[in-house]
Amino acid sequence: ASFTISLHKADNTTVTIKLRPGLSPSCRIYVKNVKWSELKIKPGQNVTFTFSCSTPEKYFIAEIQKNIDCVSGPCPFGDVHLYPPGLPRLNRTYIWDVKASTKAGLELKFTTSWLRQIEPGETCPDSISYNINSCIDKATVNIGTFCRNGSVSRVKLLGGVVMSLHLPWHSPLTTSGFNIANRASIKRLCIIESVLKGKSSITLMSPNYPLGFPEDELMTWQFVIPPNMRASVFFHNYSLSNCERKEERVEYYIPGSPSNPEVFKLSDSQPANIAGSFNMSLQGCDQDAQNPGVLRLLFQVVVQHPQVDENVTHLVDLSKEKNMTVTIHSEGWPSHIPLMSEPICLICKDPRTCDRVLTLTSGAVYRISFLCKDLSRLRITAEKGIGCMDIRWCQRKIYSLSVPKAITRLPIRLYKFIWNLLATDLINVEIMSPSLKLQQHVPEQRCNTSYSYSIVSATPETELNVGVFCPGGSIEKIQMRNNITISLKTFGRGFINESVPQDLKMSFVPHIKDECIFTVSPNPKAKVYLQTPNWPYGLPPYVSVSWFIVVPSRQTARLGFSKDRMGIACETGRAYVNIKEELLGAEEVVRREDELLPQPRNMYHNFWVNVSNCKPVDKTQLTLQFWVTFADKQIDLGIILAMVAGAVVLTAIGLTVFCVKKKKKKTQNPMVGVYNANVNTQMPGKKGLFGKGRQNNESHVYAVIDDAVVYGHLLKESNGTVTPEVDVYRPFDGPMGSLPPSPPPFSFRKDIKRSSVTEEEPLPLMDIDQDTYTFAHQKSGQSEDNGDANKKDEGDTSVPLLENKEQDDLAE
């Protein structure tokens with residue numbers, strides 16, 4: 001098909017047909033049998049052309065530019081038409097370049113459909129978009145890019161304007177949709193009028209967004225609001241430039257306000273619940289020439305009906321609280337706040353200070369109200385800090401970790417309450433739940449309560465997710481090192497009723513050796529599942545965790561592991577599982593990472609389970625789960641028969657003695673004893689050789705002591721030589737206390753600090769090295785020189801089964 005374009009000279013219009021950027025000229029334009037890649041038709045020309053392909057819209061675009069002079073001649077007010085007609089069906093861009101004086105600005109009025117501003121890079125649903133640029137002298141400012149079907153009805157600009165309309169090749173649009181209304185001096189960069197009808201939400205941006213608002217400029221938005229509606233302004237994204245003079249600010253002209261204009265900083269909460277139409281202006285400043293910075297603003301205006309409960313206030317008394325903040329927000333905050341959400345919920349500190357997020361701080365009393373028809377969409381997130389820098393001042397103090405009543409009384413669901421427990425390196429945190437106790441959330445034993453606690457320990461080296469816990473379990477207390485974060489999270493409205501008997505408490509305690517110690521006191525009829533922290537990702541390298549399990553009297557505990565092996569291979573050090581009953585002389589069971597874990601075994605007294613990690617070879621970390629069940633103690637029948645037989649024998653002996661004594665009393669005369677004080681009761685004998693008795697002289701003191709007398713217990717049968725010391729693991733055989741069994745010393749596991757030295761396998765266990773590391777203890781009274789640095793004085797009642805790393809470092 002051939003096309004003919006005829007341009008009148010008076011129209012001052014130029015048509016350019018050119019290839020799409022980046023495409024090769026596989027399709028050409030033919031004018032009188034001459035091939036062209038680009039065709040430019042100037043005013044006064046009449047050109048007929050054809051395309052060498054049947055789908056020219058894939059290769060070519062059309063640009064139509066019309067120059068309008070409103071400075072030297074009359075300005076053509078009225079509708080702006082799409083000219084010329086008869087263009088081929090290509091993607092088209094119409095450009096109207098209107099020259100005007102800065103003393104007489106231009107007003108563009110949109111007639112067929114109002115406009116909606118979009119962010120740079122965003123596209124319109126129908127692919128039809130407008131772009132408005134203001135031209136002041138030689139400077140050009142991009143007012144914005146707009147789609148159809150919005151609220152922007154008019155735009156007034158200072159000086160000239162370049163208006164662009166982008167149409168896709170298939171668009172049936174035949175009118176521009178705007179007109180040049182009049183000329184009027186506005187003494188500011190631009191004025192954008194937005195008309196909002198009924199419930200609605202619009203998003204607007206400052207000119208040149210996001211590149212930056214022009215220096216020391218002023219612009220205004222005029223919002224037309226129905227009289228029976230309320231409007232609220234929210235700033236979502238803004239930045240400030242570096243001002244040398246003046247101050248960047250936002251000014252509001254609100255009908256009925258006693259202090260027009262009302263001035264706000266961009267960082268302030270903006271006015272809300274505004275009745276009627278209002279103006280909002282953005283004022284820039286004189287910027288630093290060396291480092292100007294960027295002033296930009298993206299904001300939202302929400303219009304909705306007045307709320308029924310806007311006059312209902314709720315008292316929130318935080319005057320007695322310390323280091324606490326309470327944030328009331330919409331569901332999904334802060335990760336998800338839709339800009340166009342309908343309807344919107346507002347939280348107000350006073351009738352005009354409202355926002356979708358309101359933060360209250362401790363030490364004050366607030367009266368808040370809610371502009372929201374559905375309060376179930378609101379949530380509360382609170383945070384409280386508790387710290388201890390000196391153990392002398394806080395060791396005996398017990399802190400209650402319960403949600404204050406000022407929060408639970410609000411008609412809003414508590415979403416999360418966070419306690420940040422801060423302590424120095426030598427102070428640890430102990431969390432207790434004396435009456436409810438805690439249950440660890442594991443796959444085999446899930447929490448089904450309306451709330452749970454997530455506990456995270458943050459040491460300087462690593463962050464350890466201790467686990468998720470809920471009330472109604474077996475864990476009485478948890479001791480952890482360094483700073484702790486406890487997050488209470490709710491799962492419904494039932495929290496208000498279930499949380500009444502909250503008994504979670506905490507205190508600061510002296511330094512502990514393990515990363516974490518659990519004290520577990522199970523119900524005798526329960527089956528308890530426990531797992532290592534940081535599940536399912538595994539314990540961090542070189543972390544040690546202990547559990548102290550309380551076995552009820554007249555009960556037997558059965559301990560078992562959920563898998564056969566630890567499932568890791570160590571690159572540095574060794575991983576261990578230690579099990580020991582809290583009983584003098586009890587055997588200790590130790591397993592390494594390359595050995596099978598113990599089979600289910602019975603424990604008759606309180607016992608410890610310790611898990612110590614190494615540095616694994618690959619990314620697979622140490623994860624262990626074990627369970628504990630209880631049963632009544634069974635008395636062996638043989639023991640019962642032996643006891644009965646023993647009782648019968650004792651009874652027979654007693655009867656025999658009784659009968660003999662009775663018979664003697666009948667046959668013998670009673671004996672009479674007379675005391676004579678003059679009789680010498682000393683037996684006769686020879687006089688001693690020494691003037692003093694042995695206890696009074698020094699005849700029993702040796703002048704020289706034979707080594708064999710003192711060290712004879714160390715001599716072995718191998719030709720009287722002393723067995724050399726070797727670095728092997730030995731069981732502890734001393735008095736028991738309340739401390740957990742510790743992992744083997746780092747000299748045995750492989751000290752982390754020796755990374756510069758070539759590492760070797762641990763020393764063999766001499767002749768007693770067997771597949772299982774279960775050691776029988778010596779009989780009481782024996783002593784032995786242990787190659788481990790494990791010696792304790794007889795009066796030492798501490799129970800670390802193996803020395804800690806500090807002692808091992810000294811041994812080096």
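Yeah, the Cβs are placed from backbone N, Cα and C, and that goes for glycine too.
Per TrEMBL, the feature compositional bias 'Basic and acidic residues' maps to 748-757 (among others).
The compositional bias 'Polar residues' feature in TrEMBL is assigned to 771-784.
Annotation comment: TrEMBL describes 803-812 (among others) as compositional bias 'Basic and acidic residues'.
For 3-70, the entry in TrEMBL reads domain 'CDCP1 first CUB'.
The domain 'CDCP1 second and fifth CUB' annotation in TrEMBL covers 79-182 (among others). Taken as a whole, the domain 'CDCP1 second and fifth CUB' (79-182) shows an average pLDDT of 92 in this prediction.
When DSSP labels each residue, the domain 'CDCP1 third and sixth CUB' (188-293) comes out as 0 helix, 53 strand, 53 coil, counted as helix, strand and coil in that order. Annotation comment: TrEMBL describes 188-293 (among others) as domain 'CDCP1 third and sixth CUB'.
For 315-403, the entry in TrEMBL reads domain 'CDCP1 fourth CUB'.
According to TrEMBL, the domain 'CDCP1 second and fifth CUB' annotation covers 416-491 (among others).
Positions annotated as domain 'CDCP1 third and sixth CUB' by TrEMBL: 514-627 (among others).
Positions annotated as region 'Disordered' by TrEMBL: 733-812.
If you look up TrEMBL, you'll see 637-660 marked as transmembrane segment.
Against the domain 'CDCP1 third and sixth CUB' (188-293), stretch 79-182 shows more Cβ pairs under 8 Å than any other of 79-182, 416-491, 514-627. In terms of DSSP secondary structure, the domain 'CDCP1 third and sixth CUB' (514-627) contains 0 helix, 52 strand, 62 coil. Using DSSP to sort the residues of the domain 'CDCP1 second and fifth CUB' (416-491) gives these counts of helix, strand and coil: 0 helix, 51 strand, 25 coil.
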